[in-house]
Amino acid sequence: MKPLHIIVCVKPVPDFRSPVEFDQKTKTVKRGNVATVINPLDKNALEAALQLKESFGGKVTALSMAPPFAESVLREVLAFGADEAFLLSDPAFAGSDTLATAYVLAQGVKKIRDFDLVITGAASTDGNTAQVGPQVAEHLGLPHASFVTQVKRHSEHSLELTLKTEEGTILAEIDLPALITVSREINEPRTLGLFGIAAAAAKPLHILGSSDLEVDPERVGEKGSPTRIADIREVSFARKSELHEGTPEAISLLVKKFREWGVI
Amino acid sequence: MDNQGLKASSDIWVFAEQKNKRLAGVVYELLAPGRRLSDKLGGSLASVLIGYDVSDLAEELLACGVDVVYKVDAPPLAHYNSWLYPRILEKLVKENPPNSLLIGATYAGMSLAPALAARLGVGCSAHCVNLDVDDHGNLLQYVPGFGGSLMAIIISPYSRPQIATIKQGVFTKTESKPGIKKGMIREVAFEFTGPIPVKVLEIKQEKHAGMPLEKAKVVVAGGAGVGSKEGWAKIEELAALMGGAVGATRPAVDEGWAKESQMIGQSGKTVRPELYIGVGISGDIQHTVGIQDAQKIVAINNNPKAPIFKMADYGIVGDYKEIVPLLIEAIAQEKN
């Protein structure tokens, strides 16, 4: 079977272990002092791409739209085994919602060219919309499948996929070129090796801006984003909020309450 | 962004997802908010039903009070297809643009909604937990997020129709009453030609082992603060002792302590148990949005400032590694 050129879309996200700060003025998440990591599901996407490359040969190209500081994240992706990386970075892209982000990524995919498959994580830990994958596919006119838990080569020009549903799974066939988004169950991402880290330094990492891509300025950033955050509200709760120190008394009182509430 | 959308009516559409000749549960949940919004806008409530041999389901939607059912019925449409469904909806929407289209945040919905939004070049929000409309006909889409206890209200002021996916389990189901039927069915021909690059080969049902999270009387959930697989075993022990189910936050699932099917919150399940116990959970809204309807909430956390204490009925400040074993012992004694 012919080798595959796979593009993996990767999103740098704030590490969930660090507290998330919100800027009330700009109504955006403050990213300044938060550690940036590879979105966990994008690691599964990368692993799926690397495994397909190991089976059929070919190439894995990483693609990301992020501020310049995300270069380190892409360097890490190269250390995991990707062959080349593209970081799409331009102040004009700031404030992009899912539609505009997907448009920029699609223009990046067009720039990379000659691909067979695009893989991305089903959702990111920060935005968590699960929208960018299907939208990149639509911008490129590709078929897509979301929440993939298993991928096999079905024929020279198609894949056999297992997709998650509420009741179980669906077995589907998708023609290449295509875009798939993957779920955690698809694989166990490999760990970073010293050899990979050493090799990554020599691999090509390109940083491209608006002028390097064919982007319509009306379709990127805030201008190209149909959604707006109209308001942010604090959610209040009407509960008792009885607070106790972790003493044996507090625990027996709790067990008494369990009786009262009829749960034991 | 200039107004690139379509000239919209005041109607609200609900996507009527169907599987195996049944409507998805979330469809029944979207009808009441759909009706509330269409009444406020002065429009009607319509539903789009795509499938094969689904006349009964169209009748069912009418019996739930829907004004118009757009029905597209053809063999290739039996199951959700990520190539065909967005194209069919795009055509329907362009012929008669509604103010808003509500789609359940199921796996199919999470594929359909963004694909359709991209085809139309309009805005789309994800996992809404509440909906309203303002005086300009903007759909107010309530999305929990950004940490802490903040709720964002998303609007798409310049594009129509507005598309939102709505979290399952948030709204109350409308029950069908065959007597109330007053709406009508509009058959729409399926006219797609050309290759279909995505094919469903087989549908596999899975039996889930253990107590389903949504039906459990008691839910014991763990978060990042549990810290280890060994610690997680204590959560499971407490749940088993109380005859309950084990839930998890996203970080706990990311750590591999719990399965994705155990995840509670914005992108996971909504639970309404008689008792919820959160262990090592700080109380990020992405999680708490899935537990706020629990009858009683108990939180155990070593940080007295953890936001979860604000929404708990009873909180214990301390190291769960000491507290949970003591609690297990005390419950076991009480039971004897």
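From the backbone N, Cα and C atoms, a Cβ is placed for every residue, glycine too.
Note that TrEMBL annotation is computational and uncurated.
According to TrEMBL, the protein has these features:
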- B:12-208: domain 'Electron transfer flavoprotein alpha/beta-subunit N-terminal' (DOMAIN)
- B:Thr249, B:Arg250, B:Gly280, B:Ile281, B:Ser282, B:Gly283, B:Asp284, B:Ile285, B:Gln286, B:His287, B:Asn301: FAD binding site (BINDING)
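Ranking the binding-site residues B:Thr249, B:Ser282, B:Gln286, B:Asn301 by how many other Cβ atoms lie within 10 angstroms of each Cβ puts B:Ser282 at the bottom.
Those binding-site residues from B:Thr249, B:Gly280, B:Ser282, B:Gln286, B:Asn301 lying by chain A, with Cβ under 8 Å from one of its Cβ atoms, are B:Gln286. Sequence-distant neighbours of B:Gly280 (FAD binding site) (same chain, six or more apart, CB under 8 Å from its CB) are B:Gly222, B:Gly223, B:Ala224, B:Gly225, B:Val226, B:Gly227, B:Gly231, B:Ile300, B:Asn301, B:Tyr320, listed in sequence order. If you draw a 10 Å sphere around the CB of B:Asp284 (FAD binding site), it holds 28 other CB atoms from the protein chains shown. Considering only the residues assigned to FAD binding, B:Thr249, B:Arg250, B:Gly280, B:Ile281, B:Ser282, B:Gly283, B:Asp284, B:Ile285, B:Gln286, B:His287, B:Asn301, the longest pairwise Cα distance works out to 18 Å.
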